[in-house]
Structure formats: structure tokens, C-alpha cells
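Data first, discussion second: the structure below is written as C-alpha cells.
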Ligand SMILES: N=CN[C@@H](CCC(=O)O)C(=O)O
Ligand SMILES: [Zn+2]
């Protein structure tokens, strides 16, 4: 099956000779592109592309005139909690009236509230609602996604969540990565015995999760009032023993030491990063760990935004992800995330798009398959509505830039 796109107004993120695995620092502002371009897809992969002026004669099963439209790699959303049982709009109201996220959590709300609801919900119902959400975000441009467990908090419920994610992996037309996040909150029955819950995760849950091949990554919410640096240290070490690389929640609410413990364990990414100073930046500079920023959660909680400029100006890569979850960011809308990144984090449109394409792919270790327009990569692409430039996507806020999605070379 060959699909040909012609007269593409701008084709973004093109790579020819030089293949990049991530983009960092000043390079993030430079977005390679071709004007008035063509692109040929064969059997789900990018076959070739170039200038219309030098387009060779070729056969295609279907040809689309992309005049006036942009083509770019689909978004790679590397941090979500897409599987959940119920929304939490009541906590949203509590916060409007002045309660903080941590206060709500201490009273048994927040993550524990989601865990209660998930325990009462069947695997089938969880799958159906998650699949619906996945279809929604795919229609907004998402072409690869990471999904966490962490609303189970018992062995059976964590396994249930991870099986739902596995089923999504099997059935969705986009790559899905799974992270094991039993260390999301201490269940009430372990409130005064943290050691017993850590033991349960390490000795009972992890061997089963790894044994069934249910997770790609080990996650933990390293934060004051949640999992300490010492807890996280043990959990990440145990994850590695079962072949799970770390990818963790760090420095959302405090300068918690989460970045340092993540880097110590060679985490693929450390995510959130509202609280980042010189020590965290220095630590990241000497690592391969990708700083992943989740401005949607900062927006929705009304807390400080992540210092993206400081991180990029230090020569580091920045990845952006939605954090789609029922508590702190009930939205998986990447175009809206791009607007926040530009208006609040002061990232340029090019930096922001790099952060959710190549760097998003890298934060899921999919940089060799996705994230740029390169020969042999998977054809998961966005064909936009008519627009002039990349900047129009974050500028046109609240609106969906997608005209058609191309996933595995198939039009949606
Ligand atoms: N910060 C921790 N975990 C989620 C929120 C989970 C929840 O409140 O349900 C997050 O990434 O923001
Ligand atoms: Zn999260």
C-alpha cells in the first residue's frame, strides 16, 4: 500500500543524513523543514520525501493534495494516567475553595479516591473508557503514548490496570508503553507502616508484573508526603533487578531530591519538575535522563510552572507531556499543552514541537521509530487543517489543528 502526499505547504522535522536521537539546548529552536514538499508512505513506513520541484515519477495507491497544509510527526505523549475509573470534579471544587492538593490527599482524596473507584470497576469497563480517551487524543494528534498504573495500589488492582494497558497496546493503532506505578500513594492501611507497602511492591507485585511482562518502566511519585528519596532509591533498584528502567515523578511540589535519585538510577526521564534549581540542572547535565515537563498539571493545580527556559538555556533537552489524569490534569490535549508551553513556559513553537515529537519519542525510547520525518520511520503523522506555519498550532488555542491523522500509513 502506497500513500503519496503532494504539495505539502511545510513538511516539518525532516531528517536526511544526520539522524538525531533527541534535541537539546539551542538546537531545540531550529526545526528542519521542507517547503512545497512531497512524502511517500509504503506499508506503514516513510519511504521517501523531497521538494515538489524535483519529485520523481512514482506510483501510489492513493494521492492526497496537501496544498496549504502542514505535515509533521504525530505527538509522542510520554506521561499519562489514561486508565482511570472516574473523574474527580469534586476535588476540583475543593481546590477552588482553597484546599490544596496535598490537603485533599491527606484526607484520603486524590490518588486514594481514584484507587477506591478503580477497585470497584471491572477490567472491561476500564478498558472501554480508556480506549475512548485514547481515540479522543489520537484525533488531536497523538501517535504514541505512555500509560501508568498507580490507581490500583493492591496487587490484584495494579495487575488489572496493567492488563488493561496491555490490551490497549494490542489493539490500538499507536505504540503504547506501560509504567508500573504502585508507588503512587501509600494506601490507608499502610499509612503507619510504609515499610510493609514497599515490601509488598518489591517482593510481591514486581515479580508478578515483570513475570507477566506487563510493564516497560518502573515509576514512583518521589515527593514529600508520598515516597521519600530513600523509598524511591530502593524501588528503582528493585525495578532494575526485574529489567524495568526508571521513569519517575520528581520535584512537583518540593525540591524533593527526586531528580537526583532518578539520575542516580539512570532514569529514562524525570517528570514534572516544577521545583528545579541549579543543583537539579547540574545533576541532569551529567546524565542521559530527559527532563520532562508537565505544564498541564501546574496549570490545573494553579502552582508555579516549570522553568523550561532555564533548562533549555543550560543546554539540556526538554520533553513535554500531558500527564492526562483525573486529578491534576483531566486533559490529554497536546495542542493545548503546546499553547501553555509557549505562553507560560516561554518556549518557542519550534522548541515546544520538538519537545512533544522527537524528545517525547526519546522519553519512551521510541526515537528510532518515531518523532521525525525520516526514511524507514513509522508513518504516524499529522496532516493539519489549512494553516501557514507551525506557530499557528499553539496560537490557535483550544482548537484542534488536525485535518487527518495518518497512523501506520493509514488515514483516519
Ligand atoms: N503527581 C502524581 N501523580 C499524578 C496525579 C495523580 C492524581 O492526582 O490522580 C500527576 O502526575 O500529577
Ligand atoms: Zn503523572
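Cβ coordinates come from backbone N, Cα and C, glycine included.
Positions annotated as Fe(3+) binding site by TrEMBL: 79, 81, 249, 323. The Zn(2+) binding site feature in TrEMBL is assigned to 79, 81, 249, 323. Residues or ranges marked as 4-imidazolone-5-propanoate binding site by TrEMBL: 88, 151, 184, 252, 328. Look at TrEMBL and you will find 151, 325, 327 tagged as N-formimidoyl-L-glutamate binding site. Per TrEMBL, the feature domain 'Amidohydrolase-related' maps to 251-410.
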For residue 88 (4-imidazolone-5-propanoate binding site), which of the listed binding-site residues (81, 249, 323, 327) have their CA atom within 10 A of its CA? 327
In the three-state DSSP scheme, residue 325 (N-formimidoyl-L-glutamate binding site) belongs to strand
Rounded to the nearest angstrom, how far is the Cα of residue 151 (4-imidazolone-5-propanoate binding site) from the Cα of residue 79 (Fe(3+) binding site)? 15
Expressed in Å to no decimal places, the gap between the Cα atoms of residue 325 (N-formimidoyl-L-glutamate binding site) and residue 151 (4-imidazolone-5-propanoate binding site) is 10
DSSP three-state assignment (helix, strand or coil) for residue 249 (Fe(3+) binding site): strand
Here the mean pLDDT of the domain 'Amidohydrolase-related' (251-410) is 98
Protein Cβ atoms within 10 Å of residue 328 (4-imidazolone-5-propanoate binding site), excluding its own: 25
Close binding-site residues near residue 184 (4-imidazolone-5-propanoate binding site), where close means Cα within 10 Å, chosen from 81, 249, 323, 327: 249
Cα within 10 Å of residue 151 (4-imidazolone-5-propanoate binding site): which of the binding-site residues 81, 249, 323, 327 qualify? 81
With a radius of 8 angstroms around the mean position of the C-beta atoms of 79, 81, 249, 323, what other residues of the same chain does the Fe(3+) site pick up? 80, 148, 271, 272, 294, 297, 321, 324, 325, 329
The answer for which binding-site residues (79, 88, 151, 325, 328) have a CB under 6 A from ligand 1 is 325, 328
Densest Cβ environment (other Cβ within 10 Å) across the binding-site residues 79, 81, 184 belongs to 79
From the Cα of residue 249 (Fe(3+) binding site) across to the Cα of residue 328 (4-imidazolone-5-propanoate binding site), what is the distance in angstrom? 13
Within a 10 Å radius around the Cβ, which one of these binding-site residues has the most neighbouring Cβ atoms: 88, 249? 249
